[in-house]
Each structure stands twice: as C-alpha cells, then as structure tokens.
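Participant: Can you read through this structure? Questions will come right after.
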Amino acid sequence: MMSINKKEDIRLGLHRSDYMLDSETNSLLQIELNTIASSFPGLGSLVSELHRTLLKQYGKVLGLDPKRIPQNWAATQFAEALGRAWAEYNNDSAVVLMVVQPEERNMYDQYCLVNHLKESYGVATIRKTLAQVEAQGQVLTDGTLVVDGRTVAVVYFRAGYAPTDYPSEAEWRARLLMEQSSAVKCPSIAYHLVGTKKIQQELAKPNVLERFLDNKDDIAKLRKSFAGLWSLDNEEIVRSAIQKPNLFVLKPQREGGGNNIYGQDLQDTLIKLQKEQGEALAAYILMQRIFPKASLTPLVRGGDCFEDLTISELGIYGAYLRNRDKVILNNQSGYLMRTKVSSSNEGGVAAGFAVLDSVLLTDE
C-alpha cells in the first residue's frame, strides 16, 4: 500500500485499550491497545445488563445497588461508528462486509452489532471468510469493492489478525484486494499495525508522545498508564529479565491470546534469542509484569459454580472516525470486564482463559 501511495480518506478505528490494576502502585496500567477485531462489545454489554437485572431482584439481600453497575453502551456505540462510516461512503445500496473466521465461535457477539446496524441505521451486513472474499470478490476500475455481487462500503475485520487466518496465498490475496479498494477498512493495514506491541513500546520511549500531543497534562496522564516497556536491544533489561524472569512478560507481535511467555520459558527464550541475534530479537518486546490483587470469587462455567482466587482486566472501548481532516467521532464507547483465575497467565475469553464480568462502582 505504501509503494502505490494508497490514500485512505475515511479512517475508522474500533479500539479496546486493556488495563490491570497494579497492586504496588494502585494504578491502572495498560496491557495493550487492540486496533483490530476488538471483541465482546455485544456480549460484554449483555453481561452488564444481566448483572444489573440480578441486582434489581436480589440486591437488597446481597447489600448491592444495581445503579452501581455503570451502563455499558459498547454494542450500540460500535454500531453507530460503523453506521456513520457507511454513511460517509455515500452509497445507499452498499453493505458492511464483516470478515470472519471459517469456524467462528464468537458469532453471537458479532450478531449484536449486525442487529443494531440493521435496526438503527438500516444497514445490511454480509459475513465472509478471507477465502470467500478471494473467491467472490473483485475491485472495479474506480476502486469499488464488490463481494458476492454486493458493493461494499465498510470492511469490518473480525479475523485476519493471526497467522492461522492465512493458511494459503488465497487469504493474502483477499487481504490485498480489500486494501486496494476504496471501501472503508476497519482497520486498514497501517491502522492494524499501529496495534502491534512494538508500536506500544516505541510510544513509551522518552519524547515520543510529544510528537503527537501538545497538552503536557494529557502526556503525563498517558505516561502514568504505561507499564515498563523495552526492546530486546536493551542489554541491561534483558540481563535483568534473565535473572528475574517472574518480573517480566515477553510479548511477540501477535493477537488473540495465548502467545505471551512467562517465567522459566521467558528465561529460556531470551537466552536462545541472544544466541540467534538479528531479526529474532525484533520479534518481541519485554514488558513489566503487572501484579493485580487477587480476590476470592464465585465463578460459573459450564453450569457449575465454584470459588477461586481471581484477578480482573478492564478494557475501555473507543471509536474513531474521520473523513480527511474532519473528525466525525472520537468517543469512549463502553467497557469490557474480564475475570480469570489468578493462576492463569492469559486473559482471553474466546481462548478459554477468562469469563465476562461487570464493573461495580464503590466509594473506596
């Protein structure tokens, strides 16, 4: 896209920035920023509503106020962003293309957005895998993307972030086809890459945020949310991580859960990478390990209720839409609360590591 100087007039980002509460500093520290396939705006909103309804019924018995669970508008706000991006494309007969995995397990979360889009904005959505896009898609001479005979206004990726999403050249051809078109991409390939761990680590370097922000208070607030982040060319930090591996997390440039490296595996991997040198080092970043306070929690999974020590991760959704220099949307769009047993290193719900939860506000 850079070699052909591809211009993207309309930019749409549906993000989720994930945080954990560090017990040592009592601060919310950022885990990562997701710029592609930010999942659970639909089911997360439903779980908040479920918990609020349960507290309306049993809150007096439990001593909990349902009003303390904040309203969660993630699904409707993401649908609004998609609907407004569709409107900016300015073709009433066009559809939203949702790119999904072949064996999609998270379709009900996605259907929440599809239903809101249809009911509130009258916008139709078609669901296709990358392989189906390659087989059924074409870009017309004017840049219009047509898939299965339908003009596409917005491509919304809920797949395409993991190497397993590209088992053959056909999937890469599909991605290239969509990028070359005039359809609004959520995200475009450049926007997708902004969400990599490497960019997160680069933004944490001294004087980098100043390139993008003028307000010193905003810069200070952002920096306060950054955990320690280092590239592997920092030999002193790498030595520290080998000596004290439990204080660090080794992160590859991957999404989808189950990819991070901890403890003895982290130590072994760093020693191996030091021997290999070269590009192998650039494939990872080191991050300070965050230690949230664990609480005893009743959990329900598969119809069974059990108690275990858990920690939680808070995701804040955001929607951003602009057309050339005009910013149309730049909103906080609800939240996602995930809770997992404290013995688990990973936090993905779809990957089987965590459960959906809600925020309950207190006076503490």
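Note: Cβ is positioned from N, Cα and C throughout, glycine not excepted.
Per TrEMBL, the features are:
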BINDING   Arg16, 36-39, 104-106, Gln110, 158-161, Arg338, 349-350  substrate binding site
BINDING   Glu32, Lys197, 251-260, Tyr262, 287-290, Glu313, Lys340, Glu346  ATP binding site
BINDING   Glu32, Asn34, Glu255  Mg(2+) binding site
DOMAIN    94-194  domain 'Glutathione synthase substrate-binding'
Participant: Among the binding-site residues Ala37, Ala159, point out the residue whose Cβ has the most other Cβ atoms within 10 Å, with all shown protein chains included in the count.
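Facilitator: It comes out as Ala37.
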Participant: Starting from each candidate's C-beta and looking 10 angstroms out, tell me which of the binding-site residues Arg16, Arg289 has the most other C-beta atoms.
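Facilitator: Answer by Cβ density within 10 Å: Arg16.
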Participant: Sorted by position, what residues of the same chain at least six away from Asn34 (Mg(2+) binding site) have a C-beta under 8 A from it?
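Facilitator: Correct list: His15, Arg16, Ser17, Asp18, Gly195, Glu255, Gly315.
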Participant: Roughly how many Å lie between the Cα atoms of Ala37 (substrate binding site) and Gly258 (ATP binding site), rounded to a whole value?
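Facilitator: Cα-Cα, rounded: 16 Å.
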Participant: Can you tell me which of the binding-site residues Arg105, Ala159, Tyr161 is spatially closest to Pro252 (ATP binding site)? Compare CA atoms only.
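Facilitator: Of all the candidates listed, Tyr161 is nearest in space.
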Participant: Which residue among the binding-site residues Tyr161, Tyr262 has the fewest other Cβ atoms within 10 Å of its Cβ, if you could check?
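Facilitator: Sparsest of the binding-site residues Tyr161, Tyr262 by Cβ contacts within 10 Å: Tyr262.
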Participant: Would you list the DSSP helix, strand and coil counts for the residues of the domain 'Glutathione synthase substrate-binding' (94-194)?
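Facilitator: Taking each residue of the domain 'Glutathione synthase substrate-binding' (94-194) in turn, the totals are 43 helix, 26 strand, 32 coil.
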Participant: Average pLDDT across the domain 'Glutathione synthase substrate-binding' (94-194)?
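Facilitator: Taking every residue in the domain 'Glutathione synthase substrate-binding' (94-194) and averaging pLDDT yields 97.
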Participant: Let me make sure I understand the structure: which of the binding-site residues listed (Arg105, Lys340) has the fewest other Cβ atoms within 10 A of its Cβ?
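Facilitator: The binding-site residues Arg105, Lys340 were compared, and Arg105 has the fewest Cβ atoms within 10 Å.
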Participant: Report the nearest neighbour of Tyr262 (ATP binding site) in space among the binding-site residues Ser39, Arg105, Gln110, Ala159, Tyr161, comparing Cα positions.
Facilitator: Tyr161
Participant: An 8 Å radius from the center of the Glu32, Asn34, Glu255 Cβ atoms defines the neighbourhood of the Mg(2+) site; name the other residues of that chain inside it, in order.
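Facilitator: After dropping the recorded site residues, what remains is Arg16, Asp18, Leu33, Thr35, Ile36, Ser38, Gly195.
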Participant: Between the binding-site residues Glu32, Gly258, Arg289, Lys340, which lies closest to Arg105 (substrate binding site), Cα to Cα?
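Facilitator: Smallest Cα separation from Arg105 (substrate binding site) among Glu32, Gly258, Arg289, Lys340: Gly258.
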Participant: Count the other Cβ atoms sitting within 10 Å of the Cβ of Gln110 (substrate binding site), across every protein chain shown.
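Facilitator: Within a 10 Å radius of the Cβ of Gln110 (substrate binding site) lie 21 other Cβ atoms.
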Participant: Tally every other Cβ atom lying within 10 Å of the Cβ atom of Ser39 (substrate binding site).
Facilitator: 19
Participant: For Glu255 (ATP binding site), just count the other CB atoms lying within 10 A of its CB, please.
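Facilitator: So the number of other Cβ atoms within 10 Å of Glu255 (ATP binding site) is 19.
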